Amino acid sequence: MIVEEENPPTPNEVVEENESNGGFCDFICAPIYWFKMLAMELHWSFVFGVVAVYGISQGLGGALARVGTEYYMKDVQKVQPSEAQIYGGITSIPWLVKPLWGLLTDVLPIVGYHRRPYFILAGFLGVISMLVLSFHKDLHLVLALFSLTAGSAGVAIADVTIDACVAQNSNLHPSLAADMQSLCALSSSVGALVGFSISGIFVHLIGPTGVFGLLTIPATLVLLVGIVLSEPHTPNFVYRQVNQKLLDACKAMWTTLKYPDVWRPCLYMYLSLALSLNIHEGLFYWYTDSKEGPLFSQETVGYIFSIGSVGSLLGAILYQYTLKDHPFRDLLFWTQLLYGLSGMLDLILVLRLNLKSGIPDYFFIVVAEGVSQMIGRLKWMPLLVLSSKLCPPGIEGTFFALLMSIDNLGILSSSWAGGFLLHILKVTRVQFDNLWMAILIRNILRLSPLALLFLVPRTDPNSSIIPSQILQNTKQAAHASHPENENKNEDDNIELLPLVNNVDSR
């Protein structure tokens, strides 16, 4: 008796069956294949540079540095919270001059290389500064600030340099531009989450100075990036053109800034950040106080910050999938309003109202930190998109760095004003009677930018903001001194190609 065979499965059915059987394996192996593909298409040294700078130096190292520095100022240098706010602003000054680092990497090669020497310089600054802080237990405050600022400069220089590398590869390999941005964001987010999770443990085990010793490892990796990075060598560079290129870029930026459609949003971005007073150090001292505060351990503080990084990541995802197409003014109104209201959670905690409601301190602050960071990210994302829309063609990378410097200046103003407020209200290492008043004043000032929203355009992120006059003037400024460059290949001017999607930075 002959039994007829069933119809053989089609190729599609075979593929679906294999996918179902190997679904878990694909989930595990897909990131490995993705990294391998990027390494083959873009060169492994570039992928290593992105992971080293964004993931390890800024992400993991930045988390360790933040927690370590706060305990270093509190327990080693024994400064007041208001002073810690001022000193934190000083160490962030290198980030205010990001356009300078960007211009130098663009127009001033060293021994024929545009990127590699700046990675090496950044690595050396980081290693030496962290070793000084680690080996000298009784380092004078001035020398400690100098070392912390030098370390911050190393991270800032590496950040600008890898930004330029991403911009260059995004234009040489446009089909992989989105993958590169995903690599940057993934590296930074994972690094920060891991760094905050282990920061408190290391501060507890080896102390703040020991944490600074560990930070020599990320700095060494940055130095190694400068050694192994694949980059074309241009030995016959004409250095007498440097001054003219710098002058042309500065003129183009100044011409752009003079337009109301540009300086008005810039003014709003600065004021919205400056008016959101930063009193974090006062809250940090209160968190770890044994009498009035909840006396959180170092490990707990690290875990709290790690939850904050998760909230920030959720905010970025929420913006990407639900809010990115909303008009700037409408979105900034609601995010600024929620940002001010979220500050009331700190007031509830400091007044101990959560305990009266039966909510433990740890649970309440974890929720408060996650919500605050998520709303802060939602407030920050449209400002970044708005900044990218203000960048004229030809000087996108440098002008975006200028706008980020304006934002960093707003953050610096916020930190120093917050320190002054803590000093006026006499919030000290052991005195927190007026901390609730500082929080209330901060929350009120967070709402004040709502009155300045008329400075922000009503357009949505998919519309063009730059007036046509800026486009014409930028072209004329770019080619006024060197008209022969108009017909050159785009690769000759790759240093000034756009980079507007990478945020971090920080």
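Note that Cβ sites are derived from N, Cα and C of the backbone, with glycine treated the same way.
Curation does not apply to TrEMBL; its annotations are automatic.
Sequence annotations record features per position, and here TrEMBL assigns transmembrane segment to 44-65 (among others).
Per TrEMBL, transmembrane segment is recorded for 118-135 (among others).
Long-range contacts of the transmembrane segment (141-162) within the same chain, counting only residues at least 6 positions beyond its ends with a Cβ under 8 Å from a Cβ of the stretch, are 49-50, 53-54, 57-58, 61-62, 65, 69, 72, 77, 79, 87, 90-95, 98, 101-102, 105, 115, 118-119, 121-126, 128-130, 132-133, 215, 219, 222, 225, 401, 504-506. Residues or ranges marked as transmembrane segment by TrEMBL: 141-162 (among others).
Counting residues 6+ beyond its ends, the transmembrane segment (183-205) has Cβ neighbours under 8 Å at 38, 47, 50-51, 54-56, 58-64, 66-68, 71, 166, 211, 214, 297-303, 305-306, 308-310, 313, 316, 502, 504 in the same chain. The transmembrane segment feature in TrEMBL is assigned to 183-205 (among others).
Within the same chain, residues 43, 45-46, 48-49, 52-53, 56-57, 60-61, 64-65, 67-68, 72, 115-127, 130-131, 133-135, 151, 154, 158, 162, 165, 199, 202-203 sit at least 6 positions outside the transmembrane segment (211-230) and bring their C-beta atoms closer than 8 Å to a C-beta of that stretch. TrEMBL lists 211-230 (among others) with the feature transmembrane segment.
Sequence annotations record features per position, and here TrEMBL assigns transmembrane segment to 267-288 (among others).
Beyond the transmembrane segment (300-319), the same-chain residues lying 6 or more positions past its ends with a Cβ under 8 Å from any Cβ of the stretch are 63, 66-67, 185, 189, 192-193, 196-201, 203, 284, 287-288, 362, 365-366, 369-378, 381-382. The transmembrane segment annotation in TrEMBL covers 300-319 (among others).
If you look up TrEMBL, you'll see 331-353 (among others) marked as transmembrane segment. Beyond the ends of the transmembrane segment (331-353), by six or more residues, the same chain brings 272, 276, 283, 286, 323, 361, 364-365, 367-368, 371-372, 375-376, 378-379, 382-383, 432, 435-436, 439-440, 442-444, 446-447, 449-450, 453, 456 to within a C-beta distance below 8 angstroms of the stretch.
The feature transmembrane segment is assigned by TrEMBL to 359-378 (among others).
The transmembrane segment feature in TrEMBL is assigned to 399-423 (among others).
Among residues of the same chain six or more beyond the transmembrane segment (267-288), those with a C-beta under 8 A of the stretch's C-beta atoms are 70, 73-74, 81-82, 84-85, 88, 294-296, 301, 332, 336, 339, 346, 350, 365, 383, 386-387, 403, 406-407, 409-411, 413-415, 417-419, 421-422, 427, 429, 432, 435, 438-439, 441-442, 445-446, 448-449, 452-453, 455-456.
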